[in-house]
Structure formats: structure tokens, C-alpha cells
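Taken from TrEMBL as is:
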type	residues	note
REGION	1-134	region 'Disordered'
COMPBIAS	1-11	compositional bias 'Basic residues'
COMPBIAS	15-54	compositional bias 'Low complexity'
COMPBIAS	73-85	compositional bias 'Low complexity'
COMPBIAS	87-100	compositional bias 'Acidic residues'
BINDING	229-236, 311-315, 375-378	GTP binding site
DOMAIN	396-409	domain 'SRP54-type proteins GTP-binding'
Amino acid sequence: MAFFKRFKKKKTPQEQEGQPQAQEQAASPEEQPSETPAAPQGEAEAVAAEATAEQLPETSEAQEQPPHEPEPVQEAGAAPQAPEAPAEPEEEPKPEEPAEPDAPAEPKAETEAPEPPEGEPKRGLWGRLGQRLKKTKDKIGGSIDRITLGKKIDEDTLDELEEVLVTADLGVQTSLKLIEQLRGKVARKELDDAEALKKALAKGITEVLSEVPPAPERDNNPHVIMVVGVNGVGKTTSIGKLANFFQRQGRSVLLAAGDTFRAAANEQLTIWCERVGCDIVGGQEGADPSAVAYDAVEAAVTRGHDLVLIDTAGRLHTKVNLMEELKKIHRVLGKKLPGAPHEVILVVDATTGQNALQQAKLFNQVVPLTGLILTKLDGTAKGGVVVAISGEMKLPICFVGLGEGMEDLRPFEAEGFAEAIF
Ligand SMILES: Nc1nc2c(ncn2[C@@H]2O[C@H](COP(=O)(O)OP(=O)(O)OP(=O)(O)O)[C@@H](O)[C@H]2O)c(=O)[nH]1
């Protein structure tokens, strides 16, 4: 019996957790009040005042209570878990020690993969970074070696491969699509051995990863990027790395410390800012994040910066009140600078596997996502979720995090990634 049939009977974690939440979130836009008049230009206080004026039941509740306090907030660095359906437990040890909440981690030094010894052929960037994807590579490429060892490739092999792909977090839908593509080749006896099978699969995965629209051109002035995600996925760290990436491209970056909930977030971002050499608009603990975002765009216009990267507090995608706060930041940015935010990037932690896909679906219902950053690909065998998210969401993976160092954020490249996991 094909794995999917067995798998379907058991019900996937995705099926278990996805549908009720999706309905809950899908209902929320109708609960929204109509837009209020534009915020007065140039005054952050006015934006904060707007917060009071446009109280939603959910928003006001979020503001009366400490907005994040009762959350089952995970410790920084650990995989976020939706209470309803925890992500499948990892077989491997946790990737890193959780950071002390009040002691922002110093950005780690660069941990570049070593160049090949002289004389050896140069492999692509992703080839050199293949070591960082070792667990995913072992899971997918290694399993293919095992299931094809000493056997001819036939329908049974495809059944086993289907199981490998689903358990490697490529998602049921995408795994089935890939298997269907291989079926004809197997029938025509075009795939003789593991290498041919891997090559054909890598091609199929590259196609899935390439079927997404490109990330928006970053040519607005200033170009505003809002960064969102659940707790501890690596938002602040990724913003620091992004600032470094863009500054090295010769663009001047301003960071907005819009995570005004976590005491150390402002400090953590300031450390990144000093390290990278960019500008920052800080956010006092407890301040209205929309006001910080508003001020940051104003400062970027006045000071002539090219890019604004807005950090936001971590929030569980299942908490409607906190998700409403994101809508407000989005709305206020649009009032301050028409067209802003030009990008809304969701940061997801690859170690959470299918839960990351679920987060992407639910955040996308609240603020229109333009792309994703997948962090912690270096510490997980669940890297296949990259393919599931691309295949199902049709959203570009803009960058991937492959470590904690400043340079460990890479622009995603479909072909290189597909090669690196085999
Ligand atoms: N191994 C690895 N660790 C990462 C990566 N990206 C971030 N981290 C680590 O993940 C931990 C959490 O990162 P933060 O940037 O503080 O996460 P956050 O999403 O801003 O957290 P909250 O503000 O609490 O929601 C830190 O220890 C980071 O160093 C990555 O790509 N690989």
C-alpha cells in the first residue's frame, strides 16, 4: 500500500492542527472595523493615540493586559510549538541552548564553510554549505541510498520513497506530486540506480522551488520590510544578518526595534546595529510598535536611508489579539508611506517541520506575506519543509539561516539547495 494511503488513515499532524485554526483565522477579517482616517504625519504620539481611537475588542484587550504575558512563550532558541498540535518531535538533539531572555546574545562570529583544498574542483556555494544541511541530506539522500541498495527501482521503491519524502517534511501534497513525476520514468525504465533517482528527484524539487513568484524588487526609496513570526524563531537575529547583507551591498539600512515586548530585544538589535554599522530607531519597552514603525519610516526618509527593517515581537499565530497588532502596524506603515510595507517576511524555524507550514498559512491570512526566511536549517533533518512551503504556499523563500554567525544568512537558491540535499 502506498505510504500516503496509510498516512492518510492516521491523519497528518498538519491535518489535525490546520483546519480549525484556519477557520478561526479566516473569520477574523470580517471582525475588523473599517479604516480610520490617516494618522497625522510626523508624530508618533498621534499614531499611539490612534491605537486608542481605533480600539478593537481584541486590540484593547491586548493592550490592557501585558500583551504577551499569558502566552506559552517558548524559550528563545527552542522550537515553537502550537499548543493544539505540537510539531513532530525531532530525533536529533536540540540545535542550541536557549538564550537568556534578558541577556541578548552577541552576534556570533562568522562560521564560513571551509573552501575545498587546492586542486579540488570548486563546488557551488550551496555545495560548500552542504555540511550545514547534513541532517536533511542524511534524511533524504541517505534514505534513498538505503531503499535502493541492491534493488531495482520499481513501484515498491516509489512507495518507500513517498514515505521518505513525507517523513522528511516535504508535505503530503508536494511528495505525491514529485512521486507522480517519477512514476512515468520508472515505468519507462529510465531510472536504473540511486544516482539517477536522486538526479530526477532533485530536478523535480528544483521545479517546485522555482514555481514561485520572485521576491519584490527592493527599489523603493526607502524600501520597507516588516519581519514577523512566532516567538524565538530567529527574527531579531535574521534582521541583524539582513542588515549586514544589505549594508555590504552598499545600501544604507535603518533598523526599527518594533519588538517592544521583550525587554532585551531593543538591546539585542542595538548590538547588531553597532556591529553592522547601520542606523536604528529604538523602541522603549511597552511602547506602541506601530509608533516605532512610523517613526522609523519618518527617520529613514529624513536621513536618506535605502532600507528599513522592522522587527516585531514574537507572537503565536493562534492568538487573534496579537495578530491584530500586526495588522495595525501594517496599516500605519501604509498611511505613513503609501505602498509600505513593501515586503512582509515571515521568519520560520525549520526545526519545527510541518508546523512552519502551518504558521505560514495562518500569518498569511492576517498580513499578506511576500516571502519567507527559514532559520536553523543547519540543525535539523526537517529541511524538506522548504519544499513543502514553496509547493503549497507559492511564496518565495528569500533567505535561509544556516547558523548563528553574521554571514550565516544566505539568499535562497533553488537549484543549489536541491543539489545540496542529495
Ligand atoms: N543554529 C541557528 N540558530 C539560529 C539561526 N537563526 C537564529 N538562531 C538562534 O535562535 C535564537 C533565537 O533568535 P532570536 O533572533 O532572538 O529570535 P526572535 O524570533 O527574535 O525571538 P523573540 O523576539 O523572542 O520572538 C538565538 O539563539 C539565535 O542565535 C540559524 O539560522 N541557525
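The backbone N, Cα and C atoms fix where each Cβ goes, and this holds for glycine too.
Locations of recorded TrEMBL features on the structure.
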residue	record	Cβ neighbours (10 Å)
G229	GTP binding site	27
G232	GTP binding site	22
K235	GTP binding site	26
T312	GTP binding site	29
R315	GTP binding site	25
L377	GTP binding site	29
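Among the binding-site residues G232, K235, T312, R315, the residues whose Cβ lies under 6 Å from any atom of ligand 1 are, in sequence order, G232, K235. For the domain 'SRP54-type proteins GTP-binding' (396-409), DSSP puts the residue distribution at 0 helix, 7 strand, 7 coil. The secondary structure of R315 (GTP binding site), as reduced to three states from DSSP, is coil rather than helix or strand.
Mean model confidence for the domain 'SRP54-type proteins GTP-binding' (396-409) is a pLDDT of 92.
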